[in-house]
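> Could you have a look at this structure, given as structure tokens, before my questions?
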Amino acid sequence: MTTFSTCAAFLSLVVVLHAVHVGGAILESQAPHRELKAYRPLQDNNLQEVYASSAAAVHYDPDLKDVNIVATYSDHYGNIRLGRVKMGDLSPSWVLENPAYQVSRKTKGSQLVIPRDSFQNDTGMEDNASHSTTNQTDESENQFPNVDFASPAKLKRQILRQERRGQRTLELIRQEKETDEQMQEAAIQKSMSFENSVIGKYSIWRRDYESPNADAILKLMRDQIIMAKAYANIAKSKNVTNLYVFLMQQCGENKRVIGKATSDADLPSSALDQAKAMGHALSLAKDELYDCHELAKKFRAILQSTERKVDGLKKKGTFLIQLAAKTFPKPLHCLSLQLAADYFILGFNEEDAVKEDVSQKKLEDPSLYHYAIFSDNVLATSVVVNSTVLNAKEPQRHVFHIVTDKLNFGAMKMWFRINAPADATIQVENINDFKWLNSSYCSVLRQLESARLKEYYFKANHPSSISAGADNLKYRNPKYLSMLNHLRFYLPEVYPKLEKILFLDDDIVVQKDLAPLWEIDMQGKVNGAVETCKESFHRFDKYLNFSNPKISENFDAGACGWAFGMNMFDLKEWRKRNITGIYHYWQDLNEDRTLWKLGSLPPGLITFYNLTYAMDRSWHVLGLGYDPALNQTAIENAAVVHYNGNYKPWLGLAFAKYKPYWSKYVEYDNPYLRRCDINE
């Protein structure tokens, strides 16, 4: 017994485990227990888990089963803990080593070494343990040099595992960067291709986005007025005078309180009290006069009366807009008079007659860039010329052929005499000097002589004519029969020596060099233009009468329309195909206006049918004279912007946001403009 006690005392072991991380890793691994033997509970549950998960099979002498093993460890909170376990509770894989065989170790006495290879097959435990031991290897070796933490094979696996983790981390980072770059590129492409012409029409400031109750009281008070008038009419018909007077007084009070308010915020503080008072009056009227059938009749009469008023206001608005659009502003009229007076007073008319042949060679040189502008508006024409020259790379190669009427010829000549752009060549002609342009040759002039056409146009502003043909007011404008408007169909006759010419309207602004237009291969077509059709809009059936068999049998109703305003004409192909003859043929057929209304675009669509080359839309952006929601980027990137419509930039009707594109080419410091009070 003494021998056994001595031996037990001699072999009593104190195992110090540095478990700051190793213990935690084993705890978290939750690896399956293999061949565990029952052992008594330890003082701390965490230590129990350490031994239960790590002690796979202990090898020891059966006589030493009562030897105590004391272990220290750190729990999850960093506190140092002690635990005891009997040798008999450990697995057989635990071995006793004699320190005499450990040459590299200097400590004396027996040591207990945990053979980690005994649980290498446990994958989860291996991963977690290796992660913890890797971070704490140096520290453990310094504090506990007697503990063999891992075999060389285990260390190699740990190193390989760390390398794989590093490679995987780098791969994930690379994939994340690639994904971010792809998302950014997709977002950029989406933003570049995003069309916001429609979205631009919406704003959070629009009434659509106001609170639905923002004008609840205002609407209530207006509805009360309608109800009160209906009951008042019934009261009057039934000789209930007191109630009639009371209701009309309340109507007047409601109108006074409403005033010019457009929302509840504009109403005075007494509005709600007045609405309550009117509600009380309507309640009294309902109790005394309510008759469903009678009320329905009154409301129907009010509705019909209101509809008639709305129709009348629409007609009036249409007429006034058309009137304003075709009216020549007083400042522009002043400008023409001042220029014409100075032209003749200073004798420039005689001097020009002597010098008119000086630049004849340039005017007929087909290698230069020739423009045709037909207008009676001096200021508008000057903007077209200035914007073209200022944006041209070679202004000396640009030649402008301007044709105006007899009334504005002197003013146009005077303006370009004193304000001629540098280098460019300007020719101003009078349409009345074209003797070949007469009624025997020109269909439009011949039609103008008919009494029916004169009646249709020159009495268009008569009240009876307005009420009868309000829908056609746009076309009932004598300017549509002006020869300046139809001279575009006679370009080969006006310029017989030229091969190509660019036609420009006087309501356009040039923003880029137009010289590349002469290099476009039009593939044998006569007219180069930008198409205007979008979905079902601006197609042939919008302009032509397809109920007429002459139209329906020769043209496609769904054919895409295009725009006048900036058109490249191949005059050689024009002469070859006798385009002017085609125009005359269809113009004669439309003498009674059954094929199309009027204007120059419908006969243009017919004349150049299947002979029009579609140019890129960026060359010509239209709609600045009628559409307030155009794409701003498209406008700024366009070579030419066109103010087609009633809201011309020189009129007070113009859209303020579009006017700067035009006004920046106006010389507002010019003495003539200042004299006529033409300013921004």
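Every residue gets a Cβ built from N, Cα and C, even glycine.
Got these off Swiss-Prot a minute ago, pasting:
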TOPO_DOM  1-6  topological domain 'Cytoplasmic'
TRANSMEM  7-27  transmembrane segment
TOPO_DOM  28-680  topological domain 'Lumenal'
REGION    118-146  region 'Disordered'
CARBOHYD  Asn121  N-linked glycosylation site
CARBOHYD  Asn128  N-linked glycosylation site
COMPBIAS  130-145  compositional bias 'Polar residues'
CARBOHYD  Asn135  N-linked glycosylation site
CARBOHYD  Asn239  N-linked glycosylation site
CARBOHYD  Asn386  N-linked glycosylation site
CARBOHYD  Asn438  N-linked glycosylation site
CARBOHYD  Asn545  N-linked glycosylation site
CARBOHYD  Asn578  N-linked glycosylation site
CARBOHYD  Asn610  N-linked glycosylation site
CARBOHYD  Asn631  N-linked glycosylation site
> Where the distance is taken from Cα to Cα, which of the glycosylation sites Asn386, Asn578, Asn610, Asn631 turns out closest to Asn545 (N-linked glycosylation site)?
Asn610
> What is the Cβ neighbour count of Asn610 (N-linked glycosylation site) at a 10 Å cut-off, with all protein chains included?
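The Cβ of Asn610 (N-linked glycosylation site) has 9 Cβ neighbours within 10 Å.
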> Looking at Cβ-Cβ distances, which residues of the chain lie under 8 angstroms from Asn386 (N-linked glycosylation site) while being 6 or more apart from it?
Pro421, Tyr665, Glu667
> Spatially speaking, which of the glycosylation sites Asn239, Asn438, Asn578, Asn631 is closest to Asn610 (N-linked glycosylation site)? Use C-alpha to C-alpha, please.
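The smallest Cα gap between Asn610 (N-linked glycosylation site) and any of the glycosylation sites is with Asn578.
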> Please report the number of other Cβ atoms within 10 Å of the Cβ of Asn578 (N-linked glycosylation site).
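Its Cβ has 12 other Cβ atoms within 10 Å.
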> Roughly how many angstrom lie between the C-alpha atoms of Asn239 (N-linked glycosylation site) and Asn631 (N-linked glycosylation site)?
62
> Any idea what the model's mean pLDDT is for the topological domain 'Lumenal' (28-680)?
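Computed over the topological domain 'Lumenal' (28-680), the mean pLDDT is 79 on the 0 to 100 scale.
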> Let me check the 10 A CB neighbour count of Asn545 (N-linked glycosylation site). How many other CB atoms are there?
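Total other Cβ atoms inside 10 Å, all chains included: 16.
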> For each of Asn239, Asn438, Asn631, count the other CB atoms within 10 A of its CB; which of these glycosylation sites has the top count?
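In terms of Cβ crowding, the pick is Asn631.
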